[in-house]
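TrEMBL has this to say about the protein:
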type	residues	note
DISULFID	CYS45-CYS91	disulfide bond
DISULFID	CYS110-CYS134	disulfide bond
DOMAIN	30-147	domain 'FZ'
DOMAIN	164-290	domain 'NTR'
SIGNAL	1-26	signal peptide
Amino acid sequence: PSRSGGPWLLGLLARLLLWGSLGAWASYLRRSSSCTPIPHRMALCYDIGYSEMRIPNLLEHETMPEVIQQSSSWLPLLARECHPDARIFLCSLFAPICLDRLIYPCRSLCEAVKRSCAPVMACYGYPWPEILNCNKFPADHELCIAAVSMDENSSSRRMPRASCKDCELEEASTAREILENLCANDFAVKIRILRKNTTTTISDFDLDPSRVEVLKHGPLLRTEIPARLQQWLDIDATCVHNIMRGTHAGVFVVSGEVQSDKVVVNKAYAWQKKNRNLHQAVRRWKHHRCPEQAG
């Protein structure tokens, strides 16, 4: 996740100055909490943009060992990149910024993070916890920590939806096995994926339209495959993130099925020189007859 907290922190401080000038500070009760440095062991919030936090925190954790233990359980969710503001939202509760008053996250921030991240949690059988009930947090017109990312409904913001499937690259064991996989799926394509430079904690991926080789189109029209695959890159960003393994560009052979208005990738192989079985399978595919075709 991005470690930069500058922009949202400056925005918060500006709002605090405005509220101070309006005398709104008096409406907030003083809390019997103390300031303490955010420890390096608190991976969720260390180096988020401020160095000190209040304890007890907004989730009523009273000791630092308890804060570290409870906050670490949220790291896997951040790894799923479900929302660019998820870290800010969680840290506003686990490690509230050390100011004269405790500042809660805005209700809209909570709702935005919940909308994108709760479905991912549900993939693993975890409901959105009651302690993070968004109705508990102040409305946007009150003093609170607002969202940093742009409007998720904007056409320029591509917000991934839940992908319950932990996609991983397949090992190209034998050419025959790969051919059987291509036969079993609706489509198979050799593509090049590019990771866009981004300042958010969510990775954006693009399809290189000049590097699309359709091996099998199935029920899809060849002309619609690039758009469908770009949709897959947008929706299943967590899946693609696992396939890319930190690289900025790569060529892959992917195969999958068509489900109503989207495509789902079931298998992905990295197109590399060492994957001789994959190269052999792709060469043989043009003349290969699947079992149902052979009959």
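A Cβ is built for glycine as well, from the same backbone N, Cα and C atoms used for every other residue.
Note: TrEMBL annotation is automatic and uncurated.
Given the structure is predicted, the values throughout are model-derived calculations rather than measurements.
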Disulfide-bonded residues compared (CYS45, CYS91, CYS110, CYS134) - the one with the fewest other Cβ atoms within 10 Å: CYS134
Per-state residue totals over the domain 'FZ' (30-147) - DSSP helix, strand, coil: 46 helix, 11 strand, 61 coil
C-alpha spacing of CYS110 (disulfide bond) relative to CYS45 (disulfide bond), in angstrom: 17
